[in-house]
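Asker: Can you read through this structure? Questions will come right after.
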Amino acid sequence: MTKFIFVTGGVVSSLGKGIAAASLGSLLEARGLKVSMLKMDPYINVDPGTMSPLQHGEVFVTDDGAETDLDLGHYERFVQRNFTKRNSFSTGQVYEKVIRNERRGDYLGGTVQVIPHITDEIKHRIKLAAAGADVALVEVGGTVGDIESLPFLEAIRQLGVEVGRDRAMFMHLTLLPYIAVAGEVKTKPTQHSVKELRSIGIQPDILICRSERPLEESEKRKIALFTNVEEKAVINSLDARTIYEVPRMLHEQGLDRLVTDRFRIDAPVADLSDWDDVVQAQLNPEKSVEIAMVGKYVDLTEAYKSLIEALIHGGIQTKTQVNIHYIDSEDLEKDGIGSIEKMDAILVPGGFGERGVEGKIAAIQFARENNVPYLGICLGMQMAVVEFARHVAGLPSAHSTELDPKTKTPVVALITEWTDENGQLVERDEKADLGGTMRLGGQSCALVEGSKMRDIYGEDVIRERHRHRYEVNDGYIAKLEAAGLKISGRSEDGNLVETVEIEDHPWFVACQFHPEFTSTPRNGHPLFKAFVEAASQHKQTTH
C-alpha cells in the first residue's frame, strides 16, 4: 500500500520545499521505489495559467496539458517520470468541484462546509495522485500559519490518522537564521513554527533546517528537544553550490534511511553516481559562453525557471559554464542593442502581450544579420517569423494578430483564424480540427529530412509540450520560404508550423513548443545541448 510523506514549510516562504521534496523523491527512486509527487497550492485561482509570471513565476506544462506550479518542473527534473494534471491542484479547483457537486445535489441538501466537504475532496485528490506508487510525497504550498493553507493542513492531518503511522510521515522545512552580530544560529523561529503545526494536530517526524552554516550537534539537540523530533531526524540543509548537490547532501545525513526504516521498506542503498556526475560536470566546466535571454519578465527569473535549468543542462552535457544575461526587451527598445552585441548566443523565450515585443524583434534582427546563434521559443519563434517577414521577405507591415489585431499582414494569427492566399479570412470554431484557442501539452511534430532540427534530434517524429494560442499563418509560408525561411517541422497532420530555421545562417533555429519542459539534468535535451555548442563555436570563431 502507498506510503505518504507530507511536506510543509514554516518561518518564511521560498525556502525550497519543492527542491527538498524532489530530492527525497529522487533518493527513494534510487532505492528502487516507485515515487509519486503532488503539489497543493492554496491560492483560489483555478490554475496559474492566467496569473502574471511576475507574481507566480513560471507556469509549468505537463505532457497531458495541465498548467501547473513550477515545482512540478523540479519534480520531473529530479524524479525520472512525467507527472500529470492529477499531480497538482489548487484551492480554486477544490472549491469549484465541491460547489459543482452541491449544485447537482450530491450532498443531499446538507450544509456544505470546509470540514468535511472541502477536506474530503482534498484527500480524494491526494489519493488519486498517489495511486500505484510505493511512496507519495505531498507538498503543501505556502507557509504554516497562513490562513489559506488551513484546509490542506487539516486534510493531511486527517489522512495521516486514517492510514496510520506505518504509512504516513510529516516532514517540515524551516529556516534557521544566522545572526552575524551574535555569531549564532537562532532556533526560536523553528520552535514557533513547529508549535504552530502541533497546535493543529500535526507532529513533524523530520525537520529540514535551512541554514547558511553547518549546525553544531548542540544546536541539533536543542532543536530536537524543543520540537519533539528525534535528533537524527533533524536534517541540516545548507545553501548548496548547485541544487543538484541536494540529493547527496540529504542522503549523507540519512534522510532516505529515516523514511525506509519508518515504513519498514527493505530497499537497496541508493546509487547516486549519476547525481555525482551531474554535479562534477556543472562545477568543473572546461569552457564558458555568454547567452543573452531577451524577455519581458526578467525582473523575476523564476518566470523562466525551466528554461534556465535547461540551459544549465546544456552546459552540463557539453562541460560548459553557461552565463545567462537577462536582458529586458523594453530596454532594447529604449537604449538600443548595445547590451547584446558581445553575446555568444541570443535566446528569446515565450511570453504573452505586446509589451517589449519590438525589443525582441530588434534582438532577433541582430542575431540574424550578424550570424549570432539564435534560439526562439514559442513567442520567440513567432517574432522570428515577423522579423524575417519584415526585413527579408518584403512584408514591412508583418505582425501577429495577438499584438496588432488590425495588421494587414498577419503572418502569425490565432489558431482559429487564418488568411488564405487570396487575402480572405478563414475562420474555424473551437470544435474544428485545429482545436481550441489554447494548445496545451505534448504534441507530435514531424521534422523535415536534412533540416538542422532533424539533425539535432536524430528522429523523424518528436514529442514536445505546447502552450500557445497563435501560430504561423499558412497563407504566407510560400513567400517566407521563397525568401529563405525553412519550415523544418510541422504537426503530424501537417496543418501547423512547429519549427523554422534559416538555411544560410550558421545556427538560427526556432520552435513553437517549449523544449525546456522536458530537459533534465541527467539526460539534458538535444536542442539545448546543440544551442550551447553553437554558442561555444561562435565564441571560438569571433573572439
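Placed from the backbone N, Cα and C atoms, the Cβ positions cover glycine too.
I grabbed these lines from Swiss-Prot:
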- 1-265: region 'Amidoligase domain' (REGION)
- SER13, LYS186, THR187, LYS188, PRO189, THR190, GLN191, LYS222: UTP binding site (BINDING)
- SER13, ASP146, ILE147, GLU148, LYS186, THR187, LYS188, PRO189, THR190, GLN191, LYS222: CTP binding site (BINDING)
- SER14, LEU15, GLY16, LYS17, GLY18, ILE19, ASP71: ATP binding site (BINDING)
- ASP71, GLU139: Mg(2+) binding site (BINDING)
- GLY351, LEU379, GLY380, MET381, GLN382, GLU402, ARG469: L-glutamine binding site (BINDING)
- CYS378: active site, nucleophile (ACT_SITE)
- HIS514: active site (ACT_SITE)
- GLU516: active site (ACT_SITE)
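Surface or core, plus neighbours and distances: that's what I need for these features.
Answerer: Averaged across the region 'Amidoligase domain' (1-265), the predicted model reaches a pLDDT of 94.
All protein chains included, GLN191 (UTP binding site) registers 16 other Cβ atoms within 10 Å of its own Cβ.
In sequence order, GLY10, VAL11, THR174, LEU175, LEU176, PRO177 are the residues near PRO189 (UTP binding site), counting only same-chain partners six or more apart with C-beta under 8 A.
Within its own chain, LEU15 (ATP binding site) has GLY9, LEU173, THR174, LEU175, ARG210 as residues 6 or more apart in sequence whose C-beta sits under 8 angstroms from its own.
Within the same chain, the residues at least 6 positions away from ASP71 (ATP binding site) whose Cβ sits under 8 Å from its Cβ are LYS17, GLY18, ALA21, ALA22, LYS39, PHE60, GLU139, listed in sequence order.
Long-range Cβ contacts of GLU402 (L-glutamine binding site) within its own chain (separation 6+, distance under 8 Å): PHE352, GLY353, GLU354, VAL412, LEU414, ARG469, TYR470. In the three-state DSSP reading, GLU402 (L-glutamine binding site) counts as coil.
DSSP assigns CYS378 (active site, nucleophile) to coil, not to a helix or a strand. Within 10 Å of the Cβ of CYS378 (active site, nucleophile) there are 21 other Cβ atoms, across all protein chains.
When other Cβ atoms within 10 Å of the Cβ of HIS514 (active site) are tallied across all protein chains shown, the result is 23.
GLU516 (active site) counts 27 other C-beta atoms within 10 Å of its own C-beta, drawing on all protein chains shown. Under the DSSP three-state reduction, GLU516 (active site) is assigned to helix.
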Asker: Let me make sure I understand the structure: which of the binding-site residues listed (LYS17, LYS186, LYS188, LYS222, ARG469) has the fewest other Cβ atoms within 10 A of its Cβ?
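Answerer: Counting other Cβ atoms within 10 Å of each of the binding-site residues LYS17, LYS186, LYS188, LYS222, ARG469 gives the minimum at LYS188.
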Asker: Can you tell me how many other Cβ atoms are located within 10 Å of the Cβ belonging to GLY380 (L-glutamine binding site)?
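Answerer: GLY380 (L-glutamine binding site): 25 neighbouring Cβ atoms within 10 Å.
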Asker: Round to a whole number and give the Cα-to-Cα distance in Å for the pair SER13 (UTP binding site) and ILE19 (ATP binding site).
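Answerer: Approximately 13 Å lies between the Cα of SER13 (UTP binding site) and that of ILE19 (ATP binding site).
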Asker: May I ask you to report the DSSP-based helix, strand or coil state of ILE147 (CTP binding site)?
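Answerer: In three-state terms, ILE147 (CTP binding site) counts as helix.
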Asker: Suppose we draw a 10 Å sphere around the Cβ of SER13 (UTP binding site). How many other Cβ atoms does it contain, all chains included?
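Answerer: So the number of other Cβ atoms within 10 Å of SER13 (UTP binding site) is 12.
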